[in-house]
Each structure stands twice: as structure tokens, then as C-alpha cells.
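Now, the feature entries from TrEMBL:
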TRANSMEM  A:23-41  transmembrane segment
DOMAIN    A:72-257  domain 'ABC transmembrane type-1'
TRANSMEM  A:83-103  transmembrane segment
TRANSMEM  A:115-136  transmembrane segment
TRANSMEM  A:142-161  transmembrane segment
TRANSMEM  A:182-201  transmembrane segment
TRANSMEM  A:207-226  transmembrane segment
TRANSMEM  A:238-259  transmembrane segment
Amino acid sequence: MTETLVPSTAPAARRPLTSRRSVRIVGGLLLPLLILLVWQLSSTLGLVTASQLPPPASVWVAAVDLFERGQLTLYVAISTQRVLIGFAIGAALGLAAGALVGLSRAADIFFAPTLGAIRAVPSLAWVPLLIIWLKIGEESKITLIAIGAFFPVYTTVAQALRHVDRQLVEAGRAFGLRGVRLFGAVQLPAVIPSVISGLRLALAQAWLFLVAAELIAASMGLGFLLSDSGNNGRVDRILLAIILLALLGKLTDAILGVFEKWAIKKWA
Amino acid sequence: MSASPATRTTARPAAAVRTGEPTGTDAAYAVQFSGLGRTFAPSPGSRRRTRAATTTSVEVARPVLRDVSISVQPGEVLAILGTSGCGKSTLLRIAGGLDSPSAGSVRIDGSPVTDFDTRCAVGFQEPRLLPWRTVADNVALGLPRGTAREAGRARVAELLELVGLSAFADHRPASISGGMAQRASLARALARNPGVLLLDEPFGALDALTRLKMQDLLLDVHAAAPTTVLLVTHDVDEALQLADRIILLGQEAAPSGGSRPPGATIVQEITVPGTRPRDRGSAELAELRGRLLAGLGIDRHGDPRGVATGTSIPHFPY
Ligand SMILES: Nc1ncnc2c1ncn2[C@@H]1O[C@H](COP(=O)(O)OP(=O)(O)O)[C@@H](O)[C@H]1O
Ligand SMILES: [Mg+2]
């Protein structure tokens with residue numbers, strides 16, 4: 001009680017505990033650690049059989065084993081590469097299509113219904129077609145991932161552009177801006193925050209579509225590890241793949257999150 | 001440029017205001033409204049509502065302006081007075097090519113106004129600053145295209161100094177007050193150095209003292225570069241202080257026995273006597289103020305003081 005009355009306490013001490021960075025990191029790690037503990041306990045207490053749920057240690061052993069064979073690095077690398085390439089292509093196309101549909105009434109009328117229908121197709125429906133058209137090479141997987149990344153970006157960009165403050169656009173026009181210059185000076189900056197949240201959604205979709213692609217038609221990658229281990233009953237490897245997907249998804253999202261913070265500071 | 005004899009070639013006293021001006025129009029253009037009318041179509045929402053209801057009155061297109069005819073001379077300052085919602089902004093937007101008339105036409109320097117006419121600069125009723133740009137960068141948006149970098153920066157600094165925002169050049173619009181934003185918006189319009197300056201209640205959000213300062217500032221700027229100014233205001237004193245001529249927009253009184261045609265038009269036109277800057281306390285201006293206030297539907301609470309409305313004081317065009 002007396003402490004709060006003393007004005008000379010450090011400003012950091014007066015900030016609520018929950019806004020401190022270290023607290024947030026430690027707090028966020030609590031639940032994963034708890035899950036790990038329960039997992040370990042249920043194994044050691046014999047609540048589940050090792051074939052159903054192997055203990056954390058054997059997942060670690062499986063990871064080391066795969067790493068020593070050189071497969072772990074390869075799988076992680078190939079999956080990440082597919083996601084990044086597919087995401088880049090899909091996001092770029094989504095940005096272009098979103099800009100077109102969001103800025104032009106005519107393009108909106110012409111394209112939006114069709115794109116909306118294509119968007120409604122479940123991801124797995126594309127797989128057989130892509131395999132026949134593009135074989136089981138990289139192209140088919142990257143195409144599927146690009147489809148997955150395209151739609152969140154397209155939708156958010158088109159939506160955001162339609163809702164750019166008309167008064168600002170008019171002011172830009174009144175000061176002689178047209179076309180690309182108007183877009184660069186007014187519309188694009190106005191939608192940057194939405195574009196970035198669209199990109200984050202697209203990245204999550206890219207990982208989703210990666211697994212869809214690799215589960216069905218792949219000889220490498222984390223999705224392949226999942227389906228292959230499923231066939232062999234290797235629950236430890238399945239758990240490993242799931243954990244790796246979680247970590248990679250979170251990591252790439254965090255990188256975009258940093259970019260988002262920077263961009264919002266600069267543009268909003 | 002204009003062939004009008006009224007183009008002023010007088011000396012520019014406050015030359016410091018436009019040092020080293022590289023681009024933009026040095027001309028002041030005549031603006032001619034002839035028989036201008038503007039009717040807004042009913043919105044789709046109101047049409048749907050009326051179909052369900054029994055009345056059809058809302059469905060009718062609404063005339064806002066009608067038969068506005070006035071010829072503004074190059075370099076003249078015309079104040080447009082009127083009650084809120086009478087169509088002042090609409091008239092200004094049409095003059096700048098931001099909106100199109102339903103009837104009649106507007107000509108600038110003898111040729112019809114084009115969409116977003118580059119001969120005009122607009123100071124909007126709202127500041128309309130780009131939130132992601134600094135105040136200085138927002139003002140720079142107004143610079144005529146092709147301004148050299150260095151010259152542009154100097155001009156922006158000069159204008160910020162004029163409107164008293166030098167200390168806030170690097171601030172974002174969100175971190176300055178409404179009055180400051182409006183001054184930044186004014187600076188942006190001035191940066192254009194236009195042939196016709198369209199100002200829509202440019203001092204509306206300012207406190208009383210800053211408003212007086214900014215009025216004097218506008219007079220200095222105008223003296224230095226006598227462009228044509230169309231100034232929308234709802235402040236009678238401001239109009240009297242700044243304008244060569246004042247028009248009052250409003251509904252015309254119904255003729256006896258007839259019905260009043262809808263839409264606002266020019267109901268009073270007053271040539272303000274005296275050269276600027278005017279004595280803010282002049283008795284003759286007080287008389288005009290009374291007439292204008294009466295036109296705006298305000299009771300002046302007093303009798304006319306017998307000052308002749310025809311005046312011997314020289315007035316525009318001098
Ligand atoms: N784009 C528009 N569509 C329909 N009605 C409009 C539009 N712009 C203005 N109006 C109407 O025209 C009238 C005059 O508006 P405005 O020119 O802004 O008035 P003022 O600036 O004198 O206050 C108002 O009643 C307003 O509702
Ligand atoms: Mg208005």
C-alpha cells in the first residue's frame with residue numbers, strides 16, 4: 001500500500017505486470033510446459049500405452065534419429081521452401097487481383113463472383129486435378145499452396161480498397177494525383193494494415209495447403225512424414241511432425257508480426 | 001491569361017511570402033457561373049423506403065442550387081455566405097470540378113471547368129490530411145507537379161512558418177489539434193499557387209484569435225499573389241473582413257401569390273466598401289453586417305443607423 005503512495009518509484013514498477021515483455025514470454029510458455037508435464041506423467045503412470053502416446057523422450061529420440069539420417073533437415077527445408085515460394089506467388093497474385101477488383105467497379109462486377117466461387121472450392125478438391133496436370137513434382141504442390149495463399153490476400157485487399165476514405169481519395173485527386181500515383185500516395189498506404197493482416201492469414205493458409213499437398217502426393221517434407229508415419233504406425237514421428245509444423249508456423253507468423261508492427265508504426 | 005481589364009498589375013507588397021516561386025500559375029483567373037443549378041438524385045435507400053410508404057415526396061430529386069449566375073473577376077475575393085446546408089460547399093465543389101452542375105455551366109478563364117480542374121486548389125471544409133504523412137509531407141502534396149525538390153522543401157517550410165506550424169512539421173496529423181490540421185490544410189492549398197483558390201470554411205475549426213490571425217495571413221498571401229479566391233464561410237464578419245464582394249445564398253422569397261421555387265440561389269450581392277485590411281470596427285461594415293445577418297434570418301436587435309448603402313468609399317474593382 002505505502003509503495004503506491006511513494007512517487008519516486010521507477011516508472012517500470014508502476015506499469016502493470018502483464019504489459020512487461022519478459023512476463024509475456026514466460027507466461028506464454030507456461031501452458032506448453034504444463035502440457036509437456038501431463039504428457040510425461042500420463043506415460044510414466046501408464047495411463048496410456050506407448051504405442052498410443054509415446055513419452056516426450058521418444059519423440060526427441062525420433063527427432064535425433066531422423067536428423068542423423070539427414071531427413072529431418074531435408075524435410076523441414078523442403079516444406080519451408082514450398083510454403084515460402086507458394087506464399088510469395090499466391091500473395092503477389094492476390095495483391096494484384098485484390099487491387100484490380102477493389103479499385104475498378106468494372107473488374108469487381110466481372111471477376112468478383114467467379115473468384116468467390118473458386119474460393120469456395122475445398123483445398124483437397126484441387127489435388128487430383130493438379131497431379132494430373134502438373135504431375136507429382138514441385139509445381140503441383142506450389143500451385144496448391146499459391147491457391148491457398150491467394151484468397152486471404154485477395155479478399156482483404158479488395159475489401160480494404162473499397163473502404164478507403166473517399167474524402168482522402170478526392171483530396172488526392174484534387175491535388176493532381178491520378179492512377180498509379182494516386183494508388184501509391186493514398187490508396188495503398190490506407191490499406192497497408194489490412195494487407196498485412198491478409199498476408200498473415202495467407203501464410204497460415206499456405207502451411208495448411210502444404211500439408212494437404214504433401215499428405216497426398218509427396219516423397220519428402222513434413223506432410224509426407226505425417227502420412228508415411230501414419231502408414232507405419234510411428235506415433236512418435238507423427239507427434240514430431242505436428243510439433244515441427246506448429247513451431248515453423250508460429251515462427252514464420254512471428255516474422256510477419258514484426259514486419260506488421262513496423263509497417264503500422266510507419267503507415268498508420 | 002485573362003483578357004479582363006480588371007487583371008491587377010499592382011505592386012506585390014508582401015513579396016517575402018513567395019520568394020523564389022518556381023512553378024504554378026502566376027495568373028489569377030476569372031470564374032463565371034452562368035445559370036448554374038445542381039439537383040441531387042434521390043439516394044437508392046430513400047427510393048426503397050418510399051416504395052413501401054404511401055408518400056412519394058422523398059423520391060423526387062432534390063434541387064439544392066438553382067440559377068446561380070455571377071462573374072468573379074481575376075484577383076477578386078468573393079465570399080459565399082449562407083446557412084448550413086444551403087449548398088455553399090456544393091457550389092465550391094462544382095467550381096473546382098469535383099462535382100458537376102445539373103444545369104448551367106462554370107467557366108474559368110473563359111474555358112469550361114474540367115474534372116478536378118488543375119487551375120484550382122481546394123481547401124476542404126475538413127482538413128483531409130493523409131494520416132500516414134507528416135504535416136510537412138502533407139503540405140508538400142499541394143506543390144505543383146514538377147516542383148524541384150529543394151525549392152519544394154523551402155516553399156513548404158515557408159508555408160508552415162506562415163501558418164505557424166514550423167514546430168509541428170514532423171508531426172503526424174493525429175498528434176496535432178483540429179485547428180492546426182485546418183491550418184496545415186490551408187497551407188497545402190496555398191502551396192499550389194493556383195489561379196483560383198477555393199476555400200471551404202477554412203477557419204471554421206479555429207479559435208477566435210487564431211481565426212483573426214489567419215484572416216490577416218490570407219490577406220497577406222493574397223496581396224503578395226493576387227489570385228482569385230472563392231471563400232465559403234458562415235461568418236459574416238469574416239466575409240466583410242476578407243472579401244471584395246459577398247454573395248448570400250438562400251431560398252428566394254416567394255412571389256406574391258406564387259410558390260417559391262426550390263433550391264438556393266443568390267439572394268443578396270454586396271460589394272464591400274474600402275480597401276483591405278479593413279477596420280474591423282467600421283460603422284459602415286456594421287451596417288452591412290446587419291443586412292447580411294438579416295438575410296441569414298438573424299434579428300439584428302436594433303434599427304438601421306441610417307448609413308447609406310450606396311457608398312462613396314472606393315471598392316472593388318478599384
Ligand atoms: N453527394 C450528395 N448527394 C446528395 N445530396 C447531397 C450531396 N452533397 C450535398 N448534398 C446535399 O446538398 C445540400 C447542400 O450541401 P452543402 O453544399 O454541403 O451545404 P453547405 O456547405 O452550405 O453546408 C445538403 O442538404 C446536402 O445534404
Ligand atoms: Mg459546407
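Any Cβ shown, glycine's included, is placed from N, Cα and C.
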By a Cβ-Cβ criterion of under 8 Å, what residues six or more beyond either terminus of the transmembrane segment (A:182-201) are in contact with it?
91, 94-95, 98-99, 102-103, 152-153, 155-157, 159-161, 164-165, 168-169, 171-173, 253, 256-257, 259-260, 263-264, 267-268
Contact between the transmembrane segment (A:23-41) and the transmembrane segment (A:115-136) is defined here as three or more C-beta pairs under 8 Å separated by at least 6 residues; is that satisfied?
no
Give the nonlocal contacts of the transmembrane segment (A:142-161) in its own chain as ranges (CB under 8 Å, at least six residues past its ends).
82-83, 85-87, 89-91, 93-95, 97-99, 101-103, 108, 112, 115, 119, 123, 126-127, 130, 134, 187, 190-191, 194-195, 197-199, 201-203, 205-206, 208-210, 212-213
